[in-house]
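Enquirer: Heads up, here are the entries from Swiss-Prot:
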type: ACT_SITE; residues: 65; note: active site
type: ACT_SITE; residues: 138; note: active site
type: BINDING; residues: 348; note: heme binding site
């Protein structure tokens, strides 16, 4: 008998209860005791196994994006962009690729309300014929910091106080008072967009700058954007309190129920592309993740559509164990020198190895659907069946060979080794432009939210003054409004 034919792929392979090793269980209701009321015997292995399994059901929580919901579907190319990339899954209109998408809140714990003011994760795993491509982004097109060196401290500041386990504005405002590049992100977070109505009615963005490489080896910088076909809807502060009080999993339920009812969520994928030779023409660094690219100069180009038409089969297997990593790219798509992206390449995979073990890519939800071969083997929880005798490369006894070289672009690296800030920070222009693009009511709601945050008792006068100075440099009238309501003399 082939033991792999009956591997435990389902909880219902047997018509009766068994132990993990397959032995029949004739009583799953009572412990083995000495007499009717005597002590439990250690030889009740089924009881011990049951308790031991229960004690180990939970795995380490994601340090960020712990609260999430997943769904499956497909991505279909609608527009030809082969002049930009040689990626096989983008080879022409009509090509479909299976995907799984995970939406999430960023900072708060697993089980926290989905109505909190927090960025939302928007991560897509494409199961392509050339391996998995993970586009791991958020609902906002920018980020808090531009250098991954600051990421651990940033998360610590946004997370609850380690003493009280309470998220507090004074910690957040203190940390980011040292990082004026965060203003642009706060112009999204404290805006009406800060609390999406649900996952179906929010945008997505790749956030980082990647590179598209065509068959000739020509490279372009690229930004990815997801636009929901059903429009953007958000919750007001009052609506968030009401909705969250009624159901703390409202967005997960909305996603699940919509798909179950055949109301499949859809997004259109757009790209912005920039010739690296033109990057010096802008007053910002295109590799700065705190900046958007102006659409009037670098317009959105349509690529395809994302359709989620199937709910996941098991929440733990396909939501908790799913592992995304920006390092997973395919030929035709590559990393830029975006400092945040460069650090994410390591950090995400390292986090998954901690959460799920070194063989996390063997889990069905993470494994590629195409043929794959390498000499990575053994390690904890390695369940891939392998019977080869040659586990080294190269070998005259193993026909495996290198893949054909795919197009790459030559990149010349030169300069001194140094730790420094980027040349064109320009921290205040874009958040100011964004604020001025709103109507007066929307501006007022933003001011009210930021005044409330700055009014927390432990926010010092110095921190308030710094933030007023920052916002004044973005927009003088905004700084004046904050100063007046906080009774702080502005230092223009």
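Any Cβ shown, glycine's included, is placed from N, Cα and C.
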Enquirer: Return the count of C-beta atoms lying within 10 angstroms of the C-beta of residue 138 (active site), excluding that atom itself.
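Expert: There are 23 of them.
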Enquirer: At a 10 A cut-off on CB-CB distances, which of the recorded positions 65, 348 has the highest count?
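Expert: The most densely surrounded of these recorded positions is 65.
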Enquirer: In whole Å, how far is residue 348 (heme binding site) from residue 65 (active site) when you measure between their Cα atoms?
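Expert: Just about 12 Å between their Cα atoms.
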Enquirer: Quick one: pull the CA-CA distance for residue 138 (active site) versus residue 348 (heme binding site), whole Å only.
Expert: 15
